[in-house]
């Protein structure tokens, strides 16, 4: 399941609640073509990796979160463990997304 983040507080709470689990954050926008293309794959990964927390942040709805996380383009995927960012990449690259999850799990 992918959790929609709607505020900076909700983002921090989700990171805190994850504990030792890997957190994968998809920063996207409704008007972004590549974001729309990879979204179903991102959701399918959330079913496949039940021990990983998947979050979605709409950069237009949560500009403060996107700014704090220094998101420059969409889609950007960031990876967190114990509240700390451990990885990041931009672009709708399915293979890289799954490989990066496997690297940190």
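Each residue, glycine too, has its Cβ placed from N, Cα and C.
Residues or ranges marked as active site, nucleophile by Swiss-Prot: 32 (among others). According to DSSP, residue 32 (active site, nucleophile) sits in a coil region rather than a helix or strand.
Other C-beta atoms found within 10 angstroms of the C-beta of residue 35 (active site, nucleophile) number 21, with every protein chain shown included. Under the heading active site, nucleophile, Swiss-Prot lists 35 (among others), citing similarity to another entry as support.
The disulfide bond annotation in Swiss-Prot covers 32-35 and rests on sequence analysis.
Here Swiss-Prot flags 2-105 as domain 'Thioredoxin'.
Annotation for residue 8 (N6-succinyllysine): same-chain Cβ neighbours under 8 Å, separated by at least 6 residues, are 62, 64, 65, 68. Under the three-state DSSP scheme, residue 8 (N6-succinyllysine) falls in the helix class. What Swiss-Prot records for 8 (among others) is N6-succinyllysine, and it gives similarity to another entry as the kind of evidence.
When other Cβ atoms within 10 Å of the Cβ of residue 62 (S-nitrosocysteine) are tallied across all protein chains shown, the result is 22. Residue 62 (S-nitrosocysteine) carries neither a helix nor a strand DSSP state and counts as coil. Annotation source Swiss-Prot lists S-nitrosocysteine at 62 (among others).
Annotation for residue 69 (S-nitrosocysteine): spatial neighbours 25, 27, 76, 78, 85, criterion Cβ-Cβ under 8 Å with sequence separation of six or more. Annotation source Swiss-Prot lists S-nitrosocysteine at 69 (among others), citing similarity to another entry.
Positions annotated as S-nitrosocysteine by Swiss-Prot, on the basis of similarity to another entry: 73 (among others). Around the Cβ of residue 73 (S-nitrosocysteine), the same chain contributes 90, each under 8 angstroms and 6 or more positions distant in sequence.
Here Swiss-Prot flags 94 (among others) as N6-succinyllysine. Following the DSSP three-state reduction, the secondary structure of residue 94 (N6-succinyllysine) is helix. Sequence-distant neighbours of residue 94 (N6-succinyllysine): residues of the same chain at least 6 apart with a C-beta under 8 Å from its C-beta are 38, 41.
Residues or ranges marked as site 'Deprotonates C-terminal active site Cys' in Swiss-Prot (evidence: similarity to another entry): 26. Secondary structure at residue 26 (site 'Deprotonates C-terminal active site Cys'), as computed by DSSP, is strand. Neighbour list (residue 26 (site 'Deprotonates C-terminal active site Cys'), Cβ cut-off 8 Å, at least 6 residues apart, same chain): 2, 35, 38, 39, 42, 54, 55, 56, 57, 75, 76, 77.
Counting only same-chain residues at least 6 apart in sequence, none has a Cβ under 8 Å from the Cβ of residue 33 (site 'Contributes to redox potential value'). The feature site 'Contributes to redox potential value' is assigned by Swiss-Prot to 33 (among others), with similarity to another entry given as support.
Taking the Cβ of residue 34 (site 'Contributes to redox potential value') as reference, residues of its chain lying under 8 Å away and at least six apart in sequence are, in sequence order, 74, 75, 91, 92. Residues or ranges marked as site 'Contributes to redox potential value' in Swiss-Prot (evidence: similarity to another entry): 34 (among others).
Here residue 32 (active site, nucleophile) comes close to 74, 75: these same-chain residues lie at least six apart in sequence, with C-beta atoms under 8 angstroms from its C-beta. In the predicted model, the domain 'Thioredoxin' (2-105) has a mean pLDDT of 98.
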